[in-house]
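According to Swiss-Prot, the feature active site, proton donor maps to E210. Sequence annotations record features per position, and here Swiss-Prot assigns active site, proton acceptor to K343. Among the features that Swiss-Prot reports, Mg(2+) 1 binding site is placed at S40. Sequence annotations record features per position, and here Swiss-Prot assigns substrate binding site to H158, E167, E293, D318, S370, H371, R372, S373, K394 based on similarity to another entry. Look at Swiss-Prot and you will find D245, E293, D318 tagged as Mg(2+) 2 binding site, backed by similarity to another entry.
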Amino acid sequence: MSILKIHAREIFDSRGNPTVEVDLYTNKGLFRAAVPSGASTGIYEALELRDNDKTRYLGKGVSKAVEHVNKTIAPALISKNVNVVEQEKIDKLMLEMDGTENKSKFGANAILGVSLAVCKAGAAEKGVPLYRHIADLAGNPEVILPVPAFNVINGGSHAGNKLAMQEFMILPVGADTFKEAMRIGAEVYHNLKNVIKEKYGKDATNVGDEGGFAPNILENKEALELLKTAIGKAGYSDKVVIGMDVAASEFYRDGKYDLDFKSPDDPSRYISPDQLADLYLGFVKNYPVVSIEDPFDQDDWAAWKKFTASVGIQVVGDDLTVTNPKRIAKAVEEKSCNCLLLKVNQIGSVTESLQACKLAQSNGWGVMVSHRSGETEDTFIADLVVGLCTGQIKTGAPCRSERLAKYNQLLRIEEELGSKARFAGRNFRNPRIN
């Protein structure tokens, strides 16, 4: 079915910043998609087009990206009479029209908004759920419910505390279903709130951008200790493991790392990549840490390679790989990490996201689907993670509606699948081998 109309507009993300929303109409109805945006962005990401007009939204408006959709992309796609089930064809058309390496002409936010809306319309055209359509596009005969990685303690660029490392996550791998994983996650979250309140006072339970707590602690080990205590109090020490997103590029300074980067600069406290690696090894030894994302700077390839070779845990590339097939290919060759963080807005189209995922999976990597810190109520990534069978998703704490929107959609998908529902559980790194 061809596209009747496409209309983009500025809406607001969860941080009160403008973002792009796209309405796409076919004979089957209206299909709407909204684009997220990140706070700690990798320098190699596709370009998110902002207006940079300081008199409006402090320069963060997206009226240019919206205009590119309404004035250029929409008329072109409508005149070409393309069928919405032809995801790759439509994405390629937009990429050719943009003509730049990093989507800087239209903006990844313009292209992605249309691409997501097309995918939703394609599912309706086929009369199947979105996750099934995505599975078909990726060539997956079955679908898998993911283990949720709940970001329950926030630091780094997401929080006003002194904590350098950005996310401390809990993964309920011992659950039997996604629904049970949600219950375990919520119960640990509420126990954690009480633990933090008792130790640091009530204002320490204010939440960060992704719904996690941001107590004013400096030591990263203290965050792990809080998690360990909360998991124990909830009674799930045998079912919950820990993941971290260090976002080390945020505190990389001249070949070294500053674990107190939110205080006045003092080069004497910087540590070497080897010292930082030793710190991680201590975390893995003393806590149930099974996954570390962005342990080093996005260009510190040697440190990545050395660390990944020395551990058996999941090492996730985000700023390193930015969902970009060229960066992923280099990381595969260098054995820099063993898991891809998949963010649709880093690469900027559904087709390229699928390609990035398949490239990682075909090389034996894990894949974790991810939200961004600036989110909307759009639930596309919930269907994406099920269709791509990656087995793991991070989309914040079980708090804040823009986070719960995704988790609640996953609950609905599991319910809809009924007896056919499969939950990744302890096989979250490679869920297809059961």
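Glycine is treated like the rest: Cβ placed from N, Cα and C.
Positions of the features from Swiss-Prot, shown on the structure.
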residue: H158; record: substrate binding site; DSSP class: helix
residue: E210; record: active site, proton donor; DSSP class: coil
residue: D245; record: Mg(2+) 2 binding site; DSSP class: strand
residue: E293; record: substrate binding site; DSSP class: strand
residue: D318; record: Mg(2+) 2 binding site; DSSP class: coil
residue: K343; record: active site, proton acceptor; DSSP class: coil
residue: S370; record: substrate binding site; DSSP class: strand
residue: K394; record: substrate binding site; DSSP class: strand
Spatial neighbours of S370 (substrate binding site), counting only the recorded positions E210, D245, K343 and Cα distances within 10 Å: K343
Separation of alpha carbons, E210 (active site, proton donor) and K343 (active site, proton acceptor) (Å): 15
D245, E293, D318 excluded, remaining Cβ within 8 Å of their centroid (Mg(2+) 2): Q166, E167, M244, V246, A247, I292, D294, V316, G317, D319, L341, S370
Minimum Cα separation from R372 (substrate binding site), reported as the residue among recorded positions E210, D245, D318 that achieves it: E210
Alpha-carbon spacing, K394 (substrate binding site) to D245 (Mg(2+) 2 binding site), which is rounded to whole Å: 11
Cα-to-Cα gap, D318 (Mg(2+) 2 binding site) vs E210 (active site, proton donor), nearest whole Å: 17
Cα-Cα distance linking D245 (Mg(2+) 2 binding site) and H158 (substrate binding site), given in Å to the nearest integer: 11
Cα separation, D245 (Mg(2+) 2 binding site) to E293 (substrate binding site) (Å, whole number): 4
Other residues, Cβ within 8 Å of H158, E167, E293, D318, S370, H371, R372, S373, K394 Cβ centroid (substrate site): G38, N151, Q166, E210, D245, L341, K343, G396
Residue among recorded positions H158, K343, R372, K394 with least C-beta crowding, 10 angstrom cut-off: H158
Surrounding CB atoms that lie within 10 Å of the CB of S370 (substrate binding site), all protein chains: 28
Sequence-distant neighbours of E210 (active site, proton donor) in its chain (C-beta under 8 A, six or more apart): N151, N154, H158, E167, H371, S373, G396, A397, R400, R403
